[in-house]
């Protein structure tokens, strides 16, 4: 079964000012469903004092749990920030300028952009680059994958001029799609680089007490730790996830305490560097060298995207509480302590973290830092699995196996193919680019580009959806686009020194995504052009040579407006159709989750025993219908629909009973699932672009997994019908 979302038919009508909007968010952290209620007119629903106290305690508990899931990459950044900077004989003023840059980067990007602005741009409780994209698509009423232009006059009365421009311009829509795809590719690149640099930086701590240990041994140990971590992914994290928050909590508490000790011992006046004039002095004195240093400085904010991307697992308040009251102060104090030590020991920046740890607590900190690096790596690996799953269900990416490793936490997923590819790439990065500075250069590219993409998408949200005053939009865009643009320009100078790694990974992923997307588009266009109408199906079935055979058939189709051309091919060659045939379409909507009562939609297509079924999913929903359970849910929905007597179905009780008996008879005769196995016939008339892209799509399609196993369909019940589509 080939899947493609039909988003053009889905629109989201905004609620009136008096309506309550209830957002249901499944929490991967708590294993239960959270209900966040707010109103569009800004009023707060009435809550008793007991409920308010309970809600506050729940938020505090969630805030504690975010330490082990959301902030792993961000709070462990002190391990590798200073070692990633190309510093040459730094002075006291240099270190004060660097600390000032880090302080204001954490404050402006962390506190202002992500904690205060981005968290409000959720898509029904979900966050991240793709959530912003789906939010924009739905509010502009544009199709996510459609190449045909939307009706420029449909629902545009209250839209901004920018939204109307996107509706009319296919180039603008594809550019928006490309930017969002690039953001997803960079997140996957983050899942490769974060484990590599975090674990390598943590294990590097063994070199200080044992100088005889060489870099090769450290790299080998880091590779072994990562291999073990990846091999354990198939068991899921449910059994050990309760340890994540205590480990990260210990790290978040210990490092600032060490920082305070270092400040008192080495440079008590370090906080004078908060004054921005130290930044101007730093760049005035160092000029180009200072600008190049930004490639390492930007790593202080690495992992900040997780504040927004993991919003669907928690809620806005819990993430804000954790960041503002624990993570942000911890980082400010830790970097202050590191800088204070380095001012007195300016040449120790190559090992800027472990050098400032007092000898008496060195080994406890080493153990905590290693465990924290592993937890941070796990967080990014899990995030990569989630992004891949999201891309697969929306048909951006070839189908891979996705396994839910926890019965209670639907956010915990695992993909064997992706897992082993990540493992190979992570180990290769460590063994080939063992130098932490080279990996840091690559990491800087990912961090800065993801932040820049988020800034662009948030600006569009402000203009199109929030209708923010132009002055505030211009202020936001100027401050953050310029700031992050300078960071991007600095990391681009490191392309030849490791910065090419994420570009290579992103280019390969983007090429795979685009090739798959292009082939799916061409296939859908062919099916819409050659679709079978209900009238045509009636003509085919009226042929006396065509028999209706016993059994219940699920016939999978990509399109809802008509039936797949595969049906005509099947009937003409098999000369038969099952007694009851259910034309089934999986439809992925541009919403995070679909309510259970809206999951399965059935209808009668006007012919005896012929029905249509649409199974609707959001991009954050698990595809959890399995085998007999799937068949039972669909048939129960159909029985309920027949008993209601709605639509084209009979309203006479006797006729309804005959229809139900006919359905039960067909089901007892046996279930069969029919899907198309289509290929493109690439003729000589095709241009070079079509020839190359469709050939690449065929390679991907041949080697990807079938969609039917996702529904748990037993092998004996499957039938695949081959057909060539003319390209």
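Yeah, the Cβs are placed from backbone N, Cα and C, and that goes for glycine too.
Listed in TrEMBL for this protein:
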TRANSMEM  62-83  transmembrane segment
DOMAIN    63-535  domain 'K+ potassium transporter integral membrane'
TRANSMEM  95-115  transmembrane segment
TRANSMEM  175-193  transmembrane segment
TRANSMEM  213-232  transmembrane segment
TRANSMEM  244-264  transmembrane segment
TRANSMEM  290-309  transmembrane segment
TRANSMEM  321-341  transmembrane segment
TRANSMEM  361-381  transmembrane segment
TRANSMEM  418-436  transmembrane segment
TRANSMEM  442-466  transmembrane segment
TRANSMEM  473-493  transmembrane segment
TRANSMEM  499-518  transmembrane segment
DOMAIN    550-725  domain 'K+ potassium transporter C-terminal'
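The transmembrane segment (213-232) and the transmembrane segment (418-436) are in contact, since at least 3 Cβ pairs between them lie under 8 Å (pairs 6 or more apart in sequence). In summary, the transmembrane segment (499-518) lies against the transmembrane segment (175-193): three or more C-beta pairs, each 6 or more positions apart in sequence, are under 8 Å. Take the transmembrane segment (244-264) and the stretches 62-83, 361-381, 473-493: counting Cβ pairs under 8 Å, 62-83 has the most.
Of the Cβ pairs linking the transmembrane segment (418-436) with the transmembrane segment (473-493) and spaced 6 or more residues apart, fewer than 3 are under 8 Å, so the two regions do not touch. Long-range contacts of the transmembrane segment (290-309) within the same chain: residues 70-77, 80-82, 84-87, 97-98, 101-102, 105-106, 109-110, 114-115, 118-119, 121, 127-129, 187, 190, 194, 282-283, 319, 323, 331, 335, 376, 379, 383, 437, 440-441, 443-444, 447-448, 450-451, 454, 486-487, 489-491, 493-494, 499, each at least 6 residues beyond the stretch ends and with a Cβ under 8 Å from a Cβ of the stretch. Under the criterion of 3 or more C-beta pairs below 8 Å, with sequence separation of 6 or more, the transmembrane segment (175-193) and the transmembrane segment (473-493) do not qualify as touching, having fewer than 3 such pairs. Between the transmembrane segment (442-466) and the transmembrane segment (321-341) there are fewer than 3 Cβ pairs closer than 8 Å, counting only pairs 6 or more residues apart in sequence, which means the two stretches are not in contact.
The stretch in closest packing with the transmembrane segment (473-493), judged by the count of Cβ pairs under 8 Å and taken from 62-83, 95-115, 321-341, is 95-115. Within the model, the domain 'K+ potassium transporter C-terminal' (550-725) shows a mean pLDDT value of 81, rounded to a whole number. Proximity of distant same-chain residues to the transmembrane segment (95-115), defined by a Cβ-Cβ separation under 8 Å and at least 6 residues beyond the stretch ends, is recorded for 74, 81, 85, 270, 272-276, 278-279, 281-283, 285-286, 290, 293-294, 297-298, 300-301, 304-305, 307-308, 319-320, 323-324, 328, 331-332, 335-336, 339, 342-343, 346, 451, 454-455, 458, 479-480, 483-484.
Non-local neighbours of the transmembrane segment (62-83) in the same chain are 27-30, 102, 110, 190, 194, 197-198, 201-202, 241, 243-249, 251-252, 255, 296-297, 299-304, 306-307, 310, 313-315, 317-319, 321-323, 325-327, 330-331, 334-335, 338, 342, 349-353, 369, 372-373, 375-380, 436-437, 439-440, 443; each lies 6+ residues outside the stretch with a CB under 8 Å from one of its CB atoms.
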